[in-house]
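Noted in TrEMBL for the protein shown:
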ACT_SITE  ASP333  active site, proton acceptor
ACT_SITE  TYR421  active site, schiff-base intermediate with substrate
DOMAIN    9-92  domain 'Copper amine oxidase N2-terminal'
DOMAIN    110-209  domain 'Copper amine oxidase N3-terminal'
DOMAIN    261-668  domain 'Copper amine oxidase catalytic'
MOD_RES   TYR421  2',4',5'-topaquinone
Amino acid sequence: MYADLTARELKAVRDYLHSIPELELTEARSKTLMKNSILLIELHLPRKHEALRALDRGQAKPQRQARVIIQFGNKTEPNITEYIVSPLPSPKTHTIKTFKGARPIRFESRPISAVEYYHINDILGKIANKAHKLLFETTGGFSFNNCSNRCLTFSDIAPRGLGPGERRSWIMLQKFVEGYFIQPIGFEILINHQDLDPEKWNVEKVWYNSMFFDSVEELVEKYESGDVEKIKLPEHDDNDLYSSYIPRGHSNTATNIHGPKLVEPQGKRYHVDRNFVEYAGWSFAYRVRSSAGLQVFDLRFNGERIAYEISLQEAIAFYSGDTPAAMQTKYIDAGWAMGSSSYELASGIDCPEIATFVDLYHYYDTDKPVRYKNALCIFEMTTAMPLRRHFDSNFKGGYNFFGGVDNAVLVLRTTSTVYNYDYIWDFVFYQNGVVEVKVSATGYIHATFFTANGLHYGAKVYNHVLGNLHTHLIHYKVDLDIAGRENSFETIDLKYVNFTNPWSPKNFIVQSKLHRTEQKTERSAAFRFGKKFPRYVHFYNPNEKNKWGHQKGYRIQLNSHAHSVLPRGWREENGISWSRYPLAVTRHKDSEATSSSMYTQGDPWDPVVSFEDYIRNNEDIVNQDLVAWVTVGFLHVPHSEDIPNTATPGNTVGFFLRPFNFFDEDPSVASRSTVIVRQGKDGKPKVQRWTPEVIGHCVSDKPFMHF
């Protein structure tokens, strides 16, 4: 039910829609913008209650359906319309999919397409011709046109305007070399590209060397007359490229031998069947949604469902800076099809060589399904940290026993390379019923041209390069079904208590006491950034208890340094109202399936999907089907060590789902990876284990391969 659409299904949906005359569909990659074309085809998830009838009662599975986004540019009033197409694999019907409140989708809020980039590149070529001498002299020989190995490229900034219905983008030019994201040249330009006829596009502003101009012609005239101070970048050296991965400097690590490798001495201990995975009591289905990315469904441990859905919803990076491009940069990554930015994973680097690699298919801004080879991986690994251990000293220099359990985990991983940044998305499954959901950020920083005032907004990381401060926020949906769908939610904090010491009445005892608060409504369970966050957040089934009389539950434990990025209600903040809350809890509704949309980047001021609407009605959340919405993230103030690239250590955030009286004891007692050492009567250690004593030696002899 949760498997992404196959290439065959994607083609069937495309062919069906192209066969409907009134839609007047043409190819997405045809060069005109005044056309009707398919932007996206992906799986449309079944309603939860229909899926559970199939999963839990053995009833028929709901029909497979597709969600389709069509751009109607060849209309008197262009619009975006979403359709639900069914049944698959042989579609026969299509219905319009509406959003809450039947909100229309502004055409200007659409994601940017390859064809629009083609026309942007074209107008930039004309602009660069006018400013050729300036650009050539500034960069020491780089140009936008007819440039061979001394070319300029560009990065475009979003949101594309300052209010709903606008489509004008700041664009900054960069040297087109490896790592061009950190090679700005100090030339930024604002292009209005709202009209569907590119001949009517125009330049609104130009920024060069901290000065604004109303046109390229004005800048060139003042440049030639000497009214503008000229920038002269340092001489470019291809052999000493600071933005490159090529090693430089002295290394103290031996290079004639390999470092440690992960091996599976006797084969895999997990099972994969298409998008269904089983491992050490865990079972789940996964998919990679083209817009938002990795999702897990029907997550069970030893047959008991823990969560119906855990899914990535959105990732944002909001910047500050002194140049216009930096001031405007507020990236909302589902609007860049973050899920379909899942390129091939490198064996031995992105995932261990022993991993199971899976191809993904996406239909986004294309005319046929595109295969993304080895874009997802699944592997078991040891964490080199015991899951549990104890050395039991006899306090005489010896021991009574040692006990330890190997901490092997299963990892489900994809990546998203959304232009400069790379996000590594992980689900990690532990043998003790714990799930870790995390993201690690790497890739290139988003850098702008250095100005003295820029030091208020970041750090100088190279000659003429400012690393701009920014905050990453990631949003997840966690639809928990703890021992059933009827769940409640409480917070647990500590209170000091002061009472007379019962065994010494002249004295007092001061200690902490558990203070539980049942959160009964959605509004009370929406915790704001800047306010004190509870020590424990606990989801439990009030009707199901473990052996010791405790209500069966799981808690969410955040690993995050997140904070809000804009004041509440300030313009673009309306599109990311989920970012107000590290945690919010709502009742499950099929109409509240996602917290963001592909259109938020294009119109954050008046968004199609507004998360705040989900909690505004303040519904009862006692003994209900609950969804936790989790925001994690971190502030990144770039520094010189971000050159050439941001590294993952310290840039990983996420959350744990941890059992809290769900089991009668730690379920990892079932693990046969336990070792116990006792002292025999002869004084020699006696080792007890439940796995083969000799591990063996096997490492791949295949050379590194990628692509």
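Backbone N, Cα and C define each Cβ position, glycine as well.
Those TrEMBL annotations? Automatic predictions, nothing curated.
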Distant-in-sequence Cβ neighbours of ASP333 (active site, proton acceptor), under 8 Å, six or more positions away:
GLU314, ALA315, ILE316, ALA317, SER416, VAL418, GLN601
Ordered by sequence, the long-range same-chain Cβ contacts of TYR421 (active site, schiff-base intermediate with substrate) under 8 Å (at least 6 apart) are ALA317, ALA441, THR442, GLY443, TYR444, HIS446, THR646
Counts of helix, strand and coil residues, the domain 'Copper amine oxidase N3-terminal' (110-209), according to DSSP:
31 helix, 31 strand, 38 coil
Would you mind splitting the domain 'Copper amine oxidase N2-terminal' (9-92) into helix, strand and coil residue counts from DSSP?
23 helix, 29 strand, 32 coil
